[in-house]
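Taking it in order: structure first as structure tokens, then the write-up.
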Amino acid sequence: MSSLCKQGQIQQAVDLVAEMELKNLRIGPEVYGELLQGCVYERALHTGRQIHAQIVKKGAIFAMNEYIETKLVIFYAKCDNPEASNSLFRRVRLKNVFSWAAVIGLNCRKGFYQEALLGFREMKENGLLPDNFVLPNVLKACGGLEWIRIGKVVHGLVLKLGCGGCVFVASSLVDMYGKCGEVEDARKVLDGMPQRNAVAWNSMIVGYVQNGLNEEAIDVFYEMREEGVEPTQVTISSFLSASANLGALQDGKQGHAIAVICGIEMTTNLGSSLINFYSKVGLIEYAESVFSRMLEKDVVTWNLLISGYAQIGEVDKALNMCHLMRLENLRFDSVTLATLMSAFADTRNLKLGKEGHCYCIRNNLESDVVVVSSIVDMYAKCEKIGCARRVFNSSITKDLILWNTMLAAFAELGHSGEALNLFYQMQLESVPPNVISWNSLILGFLNSGQVNEAKDMFLQMLSLGVQPNLVTWTTLISGLARSGFGYEAILTFQRMQEAGVKPNVVSIIGVLLACINLASLQIGRALHGYLIRHSLYLSIPIATSLVDMYAKCGNRDQAKRVFDMIPDKELPIYNAMISGFALHGQAVEALALYRCLKEEGFKPDNITFTNALYACSHAMMVSEGLELFVDMVSNHNINPSIEHYGCMVSLLSRCGDLDEAFRLISTMPYKPDVQILGSLLAACREHNKIELEEYLSNQLLKLQPDNSGNYVAMSNAYAAAGRWDEVKKVRQLMKERGLRKIPGCSWIQVGEELNVFVAGDKSHPETEEIYTTLALLLMEMSFR
DNA sequence: ATAGGGTTAG
């Protein structure tokens, strides 16, 4: 009977005992104990219950036997039946270490860590000392709750009891410290272990990965190899996770090879880790091949491939995988939807985004904050801020990332007041902001032109001890540059380097933008030199910014040289060069390049058309401009933006065809903005339309410019019309809003402003001041 | 005793 129990043939054992009973043989309590143990091995809940019933029938001598009572508690606990286990346990008079271990272990497995620790306390209060079986569970509970203080007390107890030498206990200590974020203590425990098995090493690797210390995880993996400990699935899985997070191609590939060499079984878990690794390092074909060779796949496996496709913008493939997943009778979970929503956000696909949102509502996935964040972000990126806000408000739980998502949405739009409210609100609701929250808040002010407020927030952030990161610096640099504070942007770039932060692509682009705003060819050249000296690869985004910088700072030849140097051009660099030609009044070259990019197989976008139309406007090429406009609408299906209309209005009014310009304005689906009214006004005096000038002048003053560029356009328009009082008013308004007097001027803008003011009333004090500043600027850039 | 996937900022 004993051997039957141990061999896992519990039913035969039960039958044998029944036969013995029929023959009236004496059966002691220990027999039932063994039967129950057999049920524990096989997790045979049903059989065990029948045995329990027989025990009860045999009366108190059996049912109240300490050994049997303990076995019953253990049996129900191991079969994950907390109700039965707990109620029996409460009735046990003599609670021993074994039954305590079973109950604590059950609570642990069920994730009831607080209950597990309460049990542990009660056990100690009853004078029982924990053993090697209880301690790992207690430590797991501490780790799960991240209760480091209790964890340390238990560590002390481990040492006092002399259990430190047990690999189970020591491994659990490593795991506990890792889960509590104390990786150094985990490492100390690992180093102090006389012998380390795979679990101990694995716990350390996992600890590092879970705390974002991926390099350390990789180092520990190689240490483990040097010690000759065979890796397990857990080892490889976690190692691949670290490699994926770092994009460490060689390490991850080696991990795959080691798994094959060591003959590690390809489980769903391991396969999923491989798919994750390969898709994160951009080898989606490898991920696909692992996927196709996996025999069993679960939701995680499918989600990973879907996420792989989503990350490279292959939304159709991702959706196709979803379809296939459904055919396999697997249900989408919150991870599937969060991944999809993020892809819809990136591709600005409102239609699919809404469908996804509906799916979440129907399937109760909106209870997951991560899903809510992805929905809010999708609506925000699709320019539906109202929907984003409603979804945000309706979420019961709000974590830091959800707050940050909403904050970023307002920041993007420059709704700095709303962003600030949210920033206070989150703190009232006990969610402390992190560096990302601060960055968004600063961006919100910069995007609304409130430069002083942005700088103030940066100082507040520093004084509260929040460390600015690379994004903070680049937000400031490009924000200052865009707001016309080019000089401060460059100073910030220097401060960033002094703070020990190395410039990256985004910061270089930002500081080149600052050169454009200062019209400083000198600093721009210096930066170009810096890039060459540090042998920074001229990536297409940087080359595009360089072309833009040279063109806008007045060196069109150098712009063309950089442009010609780049082998595999993309549309943005063509756009920058076209804009460069347009700025220099070289409409013929601009249009030639436009035809060239079409021949190269590129599809011109709305920016291409804005620049090409701008070129036509400058050169007063009416028929070419109209042709482009028609081409854009009918052949390229581009909805003309207000900028496109602006170029056309400017072109028509410069050519004196104000009637046609007005006709166009009356048909466009936008309210005329500063640029449009400005270009009409600028043309009035030259074409002798005094009444119209009066009317436009009043209309223009009613508009509230939302950025410094529009203020400049407004002041230029008034200047061109010779209306100096209005110029003064606009400049005063700018002063009140803390905006720069000469904001965002490129070389061409400087030239334009200069011409305007030279042609105007030089005796006007405002004019004099501006003239001097401009002249200095022009000298600085060695204007010929 | 240890393991795989998703959301936010320039």
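Cβ from N, Cα, C; glycine included.
Annotation comment: TrEMBL describes A:96-130 (among others) as repeat 'PPR'.
For the repeat 'PPR' (A:197-231), the residues of the chain that approach it from at least six positions outside its boundaries are 167, 170-172, 174-175, 177-179, 181, 183, 186-187, 190, 238-239, 241-243, 245-246, 248, 251, 255, 258-259, 262, 264, judged by C-beta separation under 8 angstroms. Sequence annotations record features per position, and here TrEMBL assigns repeat 'PPR' to A:197-231 (among others).
Only residues 6 or more beyond the boundaries of the repeat 'PPR' (A:298-332), in the same chain, are considered here, and those with a CB under 8 A from a CB of the stretch are 268, 271-272, 275-276, 278-280, 282, 284, 287-288, 291, 339-340, 342-344, 346-347, 349, 352, 359, 363. According to TrEMBL, the repeat 'PPR' annotation covers A:298-332 (among others).
What TrEMBL records for A:399-433 (among others) is repeat 'PPR'. Per-residue confidence over the repeat 'PPR' (A:399-433) averages out at a pLDDT of 97.
Away from its own ends, the repeat 'PPR' (A:434-468) comes close to residues 400, 403-404, 407-408, 410-416, 419-420, 423, 426, 475-476, 479-480, 482-483, 485, 499, 706-708, 737-739 of its chain (Cβ-Cβ under 8 Å, at least six residues beyond either end). The feature repeat 'PPR' is assigned by TrEMBL to A:434-468 (among others).
Under the heading repeat 'PPR', TrEMBL lists A:469-503 (among others). The DSSP breakdown of the repeat 'PPR' (A:469-503), given as helix, strand and coil counts, is 26 helix, 0 strand, 9 coil.
Annotated repeat 'PPR' per TrEMBL: A:570-604 (among others), in sequence order. Counted with DSSP, the repeat 'PPR' (A:570-604) comes out as 26 helix, 0 strand, 9 coil.
Residues or ranges marked as repeat 'PPR' by TrEMBL: A:707-741 (among others).
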Q: Report the DSSP secondary-structure composition of the repeat 'PPR' (A:707-741) as helix, strand and coil residue counts.
A: 26 helix, 0 strand, 9 coil
Q: Report the DSSP secondary-structure composition of the repeat 'PPR' (A:197-231) as helix, strand and coil residue counts.
A: 26 helix, 0 strand, 9 coil
Q) How do the residues of the repeat 'PPR' (A:298-332) split into helix, strand and coil according to DSSP? A) 26 helix, 0 strand, 9 coil
